[in-house]
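Chemist: Mind looking over this structure? Questions follow.
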Amino acid sequence: MHSSESDAVRGPFANRLPSAALGTVILVAVIVSLVSARTLPFLLGIVFIALLTSAALSGHLRYGLPRCDVLTGALSAFALWAAATAFWAESPTLVLAKSGLTLFILLATLVMYRLIRREGTMNALHLADGVWMGLSIGLTYFLIELLSDQSLKMWIYNTIGLGPESIKPLRHFKWEDGRIIAISPVDLTRNTAPISLLMWPAAVTAFATAPRSLRTPISLGLLALAIVVIFLSTHETSKLAVVIGLFGYAFARISHTWTYRLMAVGWVACCLLVLPAAMLAHKADLHNASWLQRSAQHRIIIWNHTAEQVLQHDPLIGIGTNMTYILGPRMRATTNNAEGEKIERTLSRHAHNVFLQTWFELGAVGAALLAVAGVAVLGAVRSIDRRVRAPAFAMFASASVMGLASYGMWQVWFMAMFAFSVVMFAIAHRIVCGPDIETTPGGSTRL
């Protein structure tokens, strides 16, 4: 939708108050996700309720039911296999809790995507404004925090009187006379993670709904601001994710077909070849490479140790969903560093690699199902309107990197981050391509 069209349908504010309320939910959710990524599960739930309410009021609720298609089947199969590991896991209750939550998030995300694609024009406009305006405000806040050593956060925490017992992780905060006087930049690391994903739907929605004379500057400015914030942060995975995402976008503008093929091959390789890759990286002594940052060196040691544990336990079916959370700390006490390792060899509570964690906990079966699920997602990307295909490929590329070297796959906020980003992209898809699920390719708005 062009900005001239959006201006024509907005009308008096009083007539669009419900739509504005829905857009405000999105705007606030996007802002808060950058203030505290730990709130993402809560934010995702609020957005889910808001969209269900909107669909019920408009009579479109029935359209939200997930389809019995390849994508739904592949994602559900992965979650159900994760649940099946309860039969041999040390803690079946934990397995069922995590796998059940995973299945719910996956299905809820598909429901929200379909409901958004059915939203009316007025609602879609306000939803889209909420995405790009929310990210603009969130990134501005983030930049101020980075440049001022988190002065805003310190002021807020000190004003409301938060003490050491209310703040985690405590090691990131320096106290004096009961007040916070310094916060480590590392405390912002987790909050940086969503940016490389949210920047794509924000740029698309800005290009579609911002005033005509400003849509290109705002869209490009959002991308530039996101990149600046990411590179000023201490989150190295986000830096790699945004670079790979930009390459993915550029390549997709040249050829959607070859982008799909290369990303599919890359995804399958990550799923199936991560074990030998982790061992080869360690054998090549990369954990002692001076050109790698210490965090990257530590990752190589963790990945090699995880790969060894996969082979020592059950490489076919794994040890059970989220069982690293239990076994990791226990194994830490009995694990000794290998020769030449200068950093502690440990699993901690996860492998900092979704693909390796899948092998360790879900085995080769889980890795194969993850490969199928990823290819199914790429297939869905390939099938959407070509006007939003390139940013969708870019977001998939960034998400893959985030899973390759970041947090634990069963962390609720981490799962919610991917789901939340997909929902924001659904809004971009709707505002550019119209309300129908199947949209004829073509049109004047192409990003």
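Note: Cβ is positioned from N, Cα and C throughout, glycine not excepted.
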Chemist: Transmembrane segment per TrEMBL: which of the ranges 188-207, 388-407 is that?
Modeler: 388-407
Chemist: Could you check which of 217-234, 415-432 is flagged in TrEMBL as transmembrane segment?
Modeler: 217-234
Chemist: Answer with yes or no whether the transmembrane segment (20-37) touches the transmembrane segment (125-144) by the criterion of at least three Cβ pairs under 8 A, sequence separation 6 or more.
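Modeler: Yes, since the transmembrane segment (125-144) and the transmembrane segment (20-37) share at least 3 Cβ pairs closer than 8 Å, they count as touching.
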Chemist: Any chance the transmembrane segment (43-63) and the transmembrane segment (95-113) are in contact, meaning at least three CB pairs closer than 8 A with a sequence separation of 6+?
Modeler: yes
Chemist: Apart from its near flanks, which chain residues at least 6 from the ends of the transmembrane segment (20-37) lie with a Cβ under 8 angstroms of it?
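Modeler: Result: 13, 43, 46-47, 50-51, 54, 123, 125-131, 133-135, 137-139, 141-142, 190-191, 193-195, 198, 202, 413, 417, 420, 424, 427.
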